[in-house]
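Notes follow once the structure below has been shown.
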Amino acid sequence: MLIGLALEAYLEENGFDVAGPFPSKEKALRWLRTGAPDLALLDIMLADGHCLDLARELKRRGIPFALYSALPPTADMPSELRGVPWLEKPIDRQAVLRTLEELLSPVS
C-alpha cells in the first residue's frame with residue numbers, strides 16, 4: 001500500500017484526481033461498477049489475485065490503462081495485457097506521469 005499512497009500523492013500534486021488506491025481487485029471492480037475513470041494504473045498482482053479481470057473490464061469499457069509490476073513483461077502474458085504500457089518497480093514517478101499523460105493524449 002505504501003507505493004499506492006505515495007504514488008497517489010504524487011499524481012494528485014500533478015493535477016490528477018485519484019480514486020484509490022484499491023488494495024484488492026474486488027474493491028477496484030466494485031468501484032469501477034459505479035464510476036467511470038478516464039484511465040487506470042494497475043498493479044499486476046493484487047492482494048486477492050491477478051489484475052486480469054480488471055484489465056478485461058477496462059478494455060471492454062474502452063478505458064485506457066497501464067500496468068506496473070516487480071516483474072518484466074513476458075511473452076506468455078494474456079492477450080488482454082499485450083500492448084499495454086508496462087512500468088517496472090521500483091516505480092519511477094516521472095515515468096508513470098509521462099505514461100499516464102500519453103494515455104490521456106488524443107492519438108494524432
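Residue positions begin at 1 at the first shown residue.
Here the Cβ of each residue, glycine as well, is placed from N, Cα and C on the backbone.
The domain 'Response regulatory' annotation in TrEMBL covers 1-104. Mean pLDDT for the domain 'Response regulatory' (1-104) in this predicted model: 84.
In three-state terms derived from DSSP, ASP43 (4-aspartylphosphate) belongs to an extended strand segment. Sequence annotations record features per position, and here TrEMBL assigns 4-aspartylphosphate to ASP43.
Taking the Cβ of ASP43 (4-aspartylphosphate) as centre and 10 Å as the limit, one finds 23 other Cβ atoms among all the protein chains shown.
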